[in-house]
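**Student:** Questions regarding the structure given below will be posed in turn.
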Amino acid sequence: MPVVKINAIEVPAGAGPELEKRFAHRAHAVENSPGFLGFQLLRPVKGEERYFVVTHWESDEAFQAWANGPAIAAHAGHRANPVATGASLLEFEVVLDVGGTGKTA
């Protein structure tokens with residue numbers, strides 16, 4: 001069953017552009033992982049201060065395999081000057097997925 005994992009990242013005021021830059025530089029670090037379907041980095045606009053990294057996976061097993069291997073390796077040695085002050089992981093199963101046609105009236 002497809003799953004969605006959302007990393008809610010707490011970012012201090014003014015540090016958002018640096019977080020976005022770091023994600024842009026590493027956007028391809030996960031794309032070839034088995035079971036990875038895609039991700040979006042969401043910038044807060046109103047009513048929320050956290051950034052959300054929304055990832056889509058074929059299964060929880062695929063996510064766990066990435067999180068316990070390549071994700072750890074990708075972050076090794078990158079602890080200097082962290083941008084985030086905290087993060088929490090939200091986990092969901094996809095029970096309905098409706099795609100749009102992209103057409104306008």
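Each residue, glycine too, has its Cβ placed from N, Cα and C.
The annotation heme binding site is assigned in Swiss-Prot to ARG22, PHE23, ALA24, HIS25, ARG26, HIS75, VAL83, ALA84, THR85, GLY86. Annotation comment: Swiss-Prot describes 3-92 as domain 'ABM'. Swiss-Prot lists TRP66 with the feature site 'Transition state stabilizer', giving sequence analysis as the kind of evidence.
Walk me through the surroundings of each of these features.
**Tutor:** Cβ contacts within 10 Å of VAL83 (heme binding site), excluding its own Cβ and spanning all protein chains shown: 18.
Within the model, the domain 'ABM' (3-92) carries an average pLDDT of 89.
Its Cβ taken as reference, TRP66 (site 'Transition state stabilizer') is surrounded by 20 other Cβ atoms within 10 Å in the chains shown.
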**Student:** Through the lens of DSSP with three states only, how would you label ALA24 (heme binding site)?
**Tutor:** helix
**Student:** Among ARG22, ALA24, ARG26, THR85, all listed as binding-site residues, which has the most CB atoms within 10 Å of its CB?
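**Tutor:** Per the Cβ count, the most surrounded site is ARG22.
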